[in-house]
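What follows is a short report on a single structure.
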Amino acid sequence: MSKLSANEIQRHAQRIRARHAALRQHIRNVLLESKHDEFAQLAGQVHDRGEESVADLFVSTNLALLDREIHELRDVEDALQRIRVGSFGACDDCGEEIERERLDAYPSAKHCIDCEREHETRRAAGRDQTPSL
């Protein structure tokens, strides 16, 4: 596999920076909205077990989505750092080049497909607690 050209790296960097800005803004907005304590108010206004379950599910779902976005933000920031130090496009585990198609689909990928499969297998078996994106 050939290395990424400077133009390809620049194109990925632009996409990654745009995703970084979008994630930061969305997380900020969610946190500002939560300052109004809407989720806690909803949970406190339930009148029966059915409503309580729905309220708990709503709060849990929103927190899980926010957690996933925070993990993605970290991956995006890591990708920007790899661009700065010149290691973007190389697998963090084996050092081989990450496939272009994978970077096109997920520019902040830090593992080649083979190493990512290994991580997924370990996560599924409960041996790796690193969240997947």
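Here the Cβ of each residue, glycine as well, is placed from N, Cα and C on the backbone.
Listed features, source TrEMBL:
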- 86-120: domain 'Zinc finger DksA/TraR C4-type' (DOMAIN)
- 91-115: zinc finger (ZN_FING)
For the domain 'Zinc finger DksA/TraR C4-type' (86-120), report the average pLDDT of the model, please.
96
Secondary structure tally of the zinc finger (91-115) (DSSP, helix then strand then coil):
9 helix, 1 strand, 15 coil
